[in-house]
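Q: These came from Swiss-Prot, pasted as-is:
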- ASP193: active site (ACT_SITE)
- ASP195: active site (ACT_SITE)
Amino acid sequence: MNDKIVVDVLKLYLKRDPSLTEFHMLKSQYKNIQRVNIFNKEIFISLIKKNKKKFFSDIKSSPSDIKRSILTYFSKQENTYSIGKLYTIIELQSILVTTYTDVLGILTTKGPDLFTSNIYYNTSSMQSLARDALNFMNVAQMTDKTMGRHNVSSLVDNVNSLMEEYLRRHNKNCICYGSYSLHLLNPDVKYGDIDILQTNSRTFLIDLAFLIKFITGLNVVLLKVPYLKNYMVLKDQNDSHIIDSFNIRQDTMQSIPKVLIDNIYIVDPALQLMSMLKMFSQIDRLEDLAKNPEKLTVRLATLLEYVRVNYGINFISNQTKKNNMPMYSVIDIDKRIITVDTSNYDFPFKKCLVYLDESSLSSDILDLNADDAIDFENVSNSAFLINNNILYTYFSNTILMKSKTDIHEISSRGLSAHILIYQILTKGDIIKPLTDIVNSLIGVEKNPIYDIIPRDKKSGKHGIIDIEKDIITH
């Protein structure tokens, strides 16, 4: 590349002659800087204004405020002399100019025809079953602590409106799960933010962060949490939650069974039901249950009604046949490994070794010299490997004990649900074990928690993207 051309591009970008250090350090960014230089900011400003009108109409900011905010950011480099900060500004501006139109700008244009779904689940027959099942699981003490996920930003409703359209336009690479997906099946389910899985989380959240910044003037930050794989959360300046997203590979996306509702793909509720049963092994989720059992009752009833209708599951109130769920599980507390007997089902393995420490699982997989482990990322929170009729996997939640040696039924069911998640994702045998696990919710004893085996502790530092401070650490 001709040095004079590079100097001219840098001079146009910085609105000053670049120093020798700036020239040598920034010339590798020539193409990105050139894209920013030729970017049509007037069209971009128009897109942001349309986004505001459609999704943030209640926010009090004028068109001139928005224009000023955008032009100020695109001239920020002119008064920045730190090479590190310049790199950050260039990276973020480059993401905006190359992706915003396709990611968020498109949401203001006319979309494809909406094929309204007639799917609606009347859960009245499942309400009693769900309420009884949750009552038997309601064995934790209420606490006053507030989990981070409960501190919700005032911008959530605006972002939810945007997300509904985003899910329709980008339904090949973004799907939803959780309370909003159940709301689409049953309007009685209330939801807060919208839980999503997508293949381009980082780009989407950066574009959304800028949209919020330009419209509201607020500084929002993106955090990457070390103990959750490929997870990012967008927070406002009060550290309140706006939206989060798990990033997954395209092959993982293709493995997930989905249901199309109103042009939005949701994770198959059978898979969501298994995730919910698995979740109850986590002690703080049982504390949530103790605080608000009715909220979870309508969600569980919706999931149960879905599997009843779509999987032909029969609920048997007076069970005469032996139910093999939860599958028999034995824990080695010192090794933190649980052995689950899976021999009663037509699985491609006869037992399962469930590791409570992910590093131990990884080490043992290496020792087995096996290279066919499957990792479904955040969908399962574990890799899986079948070797010599044994399924090896990792369980990321706490284990509840009902005695010094016996695993509590809540955790045994959670372990069984984790194994069924593997079966669902690999399209294996599911109907018989699914029938058994949902029927295992009927007529169970309510046992107190004797002890709690802690979950695997993850180390690492939080990553951050702070637009205002020109910081990127992930």
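Positions of Cβ are set from backbone N, Cα and C atoms, glycine also.
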Q: When a 10 Å sphere is centred on the Cβ of ASP195 (active site), how many other Cβ atoms does it contain?
A: 19
Q: Please give me the CB contact count at 10 A for ASP193 (active site), counting all chains in the structure.
A: 23
Q: Under DSSP, is ASP195 (active site) part of a helix or a strand, or is it coil?
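A: The three-state answer is strand.
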